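What TrEMBL annotates here:
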DOMAIN    108-227  domain 'C2'
DOMAIN    239-371  domain 'C2'
TRANSMEM  43-68  transmembrane segment
Amino acid sequence: MVVAARKGGVTGSPLTSSPMSITSTAQPGFLGGWLSRIHLPKWALIAVAVAGAILFLLFLICIIKCCCCKKKPKKKERVGLLAVSSSTTANLVQPEMEDLEQGMEQTWRGKLQYSLEYNFCAQELKVGVKQAAELKAMDNGGTSDPYVIVYLTSDMKRRYETKVYRRTLNPVFNETFTFQVPQAEVPESMLVMQVYDFNRFAKHEIIGEVRLPLAKVNLQHIIEQWSDLAAASKVEEQQLGEICFSLRYVPSTGKLTVLILEAKKLKRMDSHGLSDPFVKVHLILNRKKWKKTTSVKKNTLSPYFNEVFVFEVPFSQIQNVDVVISVWDHDKVTKNEPIGKLFLGCRATGNQLRHWSDMLSNPRRPLAQWHSLQPSEVVDKALGLKAHIKLPLTSR
């Protein structure tokens, strides 16, 4: 019994002493040691782990989606550009917002404040140039020396200028200019206000301009407003006026009839804003000239003539004829000044050539048409350089 008890004690002793031996010899893992330091219940740890896994999955999904979205447009764009010709490919490019903003900065020229007041009794238009703001810098120092030129396209000779303001992009002018404009001519006039940068040693540079058709303005009330400056027109279209005349040619008799009917919107040549127009008709053939002249119409920009002139031109020479029609301003004291001219014949172009061709293809029939007058030097140069164009003739 004693021996059995000893054997049992020896065999049972490890069981009774196991707790002490476990705590003294077991090595806890890294995860177990880290978890033992967090004093949270088990369900909280599980919730945190699940939330972390969900966030990680969402992150992966976002990365995959972004990669796919970037690849798809490239593939579509490549297909689309191959199917379009190279001349129109540039139209498919969508500019970025930064490019648009940069373009706006480059084209921005500033703005101008002005006022308009029309006196119906005195038939006067008062134009007030108030101020400009945020002008484009034209000098190296980041400023400009601005001033404003004001005129009407119906009267190019009369121009007004404001004072020059040094080194500023926000000048205050507060100057008023008066134009004599008959009420009937107001809808046909355009007000032009051009802002220039003054330069003492070089040509003045234009910053921008405001063009205002008076036909679109309600002059029943005083107007005061701001307008953005636009790029200036490269060439100022000079309004010289229009003339209406009729052409008729009879091949059997060789008679060319020119009927001067009327003119309108002629350029003002006199100081009082009118003209004393008359018309010259020249027939040029083989360097020889025949001239006929209408009567003078006093103080008008829309004269009515209704005067007829007949020239004898053989049918064999009709292709070599130039007919020059010019409008002049009569002056008793000084030399007569040309307002504008045009020429017709086989060397002409545009409406003049079309009118001449219609006359030749419709013998014995008078054909009337309106034509715009051109500067005299332009017509004279064209007469000296143009070559003849053979037109089909009808001899009936």
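Every residue gets a Cβ built from N, Cα and C, even glycine.
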Per DSSP, what is the residue count of the domain 'C2' (239-371) in each of helix, strand and coil?
18 helix, 65 strand, 50 coil
For the domain 'C2' (239-371), what is the mean per-residue pLDDT, to the nearest integer?
91
